[in-house]
Amino acid sequence: MEGSQDSKWVRIRVFFLIFLLHSLSIYLFTRGFLLTRTELSDSFSSCSDIPDPPCTVHHRRFNDSDDSSGVGGGCWTPPVFDRIVIIVLDALRFDFVAPSAFFEEVKPWMDKLTVLQRLALEESSSTRIFKAIADPPTTSLLRLKGLTTGGLPTFIDVGHSFGAPAITEDNLIHQLVSNGKRVLMMGDDTWLQVFPHHFQESYPFPSFNVKDLHVVDDGVMEHLIPSLYKDDWDVLIAHFLGVDHAGHIFGVDSTPMIEKLEQYNNILEKVVEALKNLSGPGQLHENTLLLVMGDHGQTLNGDHGGGTAEEVETSLFAMSFGSPPDSVPPNLDSRTCKFGVDGEKMCFSSMQQLDFAATISALLGIPSPFGSIGRVNPELYALSAKTWNIQNCDAANCKACSNLESWMTNYMNVLCINCWQVKRYIDLYSATSVIGFSKEDMLHLADVYGQIHSNWSNAINATSLDEEGVPEEIHKNSVYVLQQKIEASSKFLAYIAEIARLKWTEFDLKLMGAGLCMFFVSLLVHLLFIIRVVRLCKFSCTSIWNFRWSCMVSSLLVATRAISFLSNSYILEEGKVASFLLATTGILSFRRSVVNGKLTIEALLLLLFNIILGCSMDDRFSKQAISSAYMSAFNISISGINISHFIWTVFSETSPLLFLSMLALLLYRCTAGMSHWGGYRRFFVNGTIVSYVLIGVHWVLESNAMNFPEGIQYFGRIFIPLVIYASGCGLLLMLVITQIFVKKGVADQAERVVIDTVAMLSACSSIILVLSADRDPLLR
């Protein structure tokens, strides 16, 4: 008795050891994978905040000077625009906007937004195309949060993508409203979820239905153009969703995507025309800035959320309707230019989306969000005022040197306040956050900021000379000093952004590796304990640990499947990998049946399913294979079959129903000979078969071959899946009840396992079939 008690406590201690190792491995892995950033929800910027000297000295001097923009009423810096129109085209890839000359291969979706390319070419002094680099994760909600707060949302925030909570930390929309700006929003209703009480007027439209390409866009078009002729807003936000939804459903290389881009091109032509008509002196849009931008990119499959180049590279088109400026100084110019087929020079610049909030705040003269760590982009800021290239500074063009010096002085002042704002946020974050920046990083930041701060007065003194009669050499020296201070400030802000990305957005591979190693140790302990228990119970271990070739291969397939989840790009090819592993498992099962001399009907059916699966593997999980413009033009599948042929259409529509019927029959036959199933067999099997019938009706009502009335289609697409989900949950609940309260009356353990397995499959299979989406993947 005492020996049994000792062995009992040994097993309990081992259990707690395994639990401890599992918990420690999960903790270490999540510390490295689920990076967190503390939100300072109680800290907000305001006009009463006064920058540290010498920004305050230069700030007063700058405010007292003439403002060439004609816009008054600044806060930290004078505003240079009085209105901004922001048009967000969700999931706008960079190659949707940039000319195809910048890419090695011309794709069908390129050069569709011709109005933006034409404006960038013909009015290059007041327009610019940017490659805007987003920070992952590239979900729409987190990109909106990053754009408006100027910060870096972390991967763990992805969990909020389907239930957008209100943004509580300081943000651009809050600063606009707090400083008397009237904000008009139309389009994606996510804006109203994250900013519930900020808009003076809004026209939200539901965005969750990704199969809908037109409701949101049509709603925006209804209100956008009329609003441009009204004087009741200062910032207009129009968020279109058609491109994002077209990518999710059909892929980038698809006819619906091209049609959407052409539709957007027509809309943008009307927007530009309306703004130009009212951009004359004293008119409504004399000092208006137009921004056409994406929140993130998308892969060729239409997916986004990760950090691949296709997902993080989006576009931003900016156009000023005021006095056309000239080029910025060369050291601030990030343009990349190429000559097109017709010999025209086409250019684009680069910027970080992290800089968006700080830049818009400076353009409108409002405080930057408290948590913003971006830099005021010089090229976007330069669209607001006349600037001159440093190469024009010579004795014959001294006035150009003076104007260049004046603009650089103004921009240097903006950067001074920009650096002060970011530094105070980093200081407060490190002082209040549980996981702040390292002591070494903070000391280095303080040293760099101190050097910029102590030498700032030299730049002010160098630019305070009287411009009349100043020799060319002094002008050049002043410009050089300004240039050096701007570069130093930009490096300071870039360094902060770099360490912030390391802290908040880049995985800690060491902690993740330690967590995985600890997890494998816990599995090893678990395995050794199982072996010990088997020996103590005097079971025959021959059948348990006899690793035959087929068992080893099956274990290898399972391990491969598990390890695949560690790849950040696995989701893009998950369908193909899962199909391959399933087909391989089926072939191995068929081989075992042949070797054992038991060629059962189940093995033959499994092999048949694998053959069908293998033929459709490439088509099923590739939107491009079916919906691309190329495939639609030639109307063939990869196998060379004409999918529009009548026979193929009938086969694709009827074969899913045939296989569903075979599955129901197979389920019925498997349970027919079980004597101990009792009344539960009728309940589970009949309930599952009824669900299969409803699935068949659901597929028929969704068929492309027949046109049913809208009311019947609504019943089939909405109501029937709800019934199937409810019945599946009911079967699962009944399964739990029977496992808990019904006595186990089955003597044969093998039959008991079969009964439990069939009951579980009966409860889950109908739900899985509905969630598996299209019944005819070869046509979709």
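The backbone N, Cα and C atoms fix where each Cβ goes, and this holds for glycine too.
Source: prediction; values computed, not measured.
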Q: Can you dig out which of the ranges 84-104, 546-566 TrEMBL describes as transmembrane segment?
A: 546-566
Q: Give the range, chosen from 12-30, 411-429, that TrEMBL lists as transmembrane segment.
A: 12-30
Q. Under an 8 Å Cβ to Cβ limit, what residues of the same chain, 6 or more beyond the ends of the transmembrane segment (12-30), are close to it?
A. 511-512, 514-519, 521-522, 525-526, 529
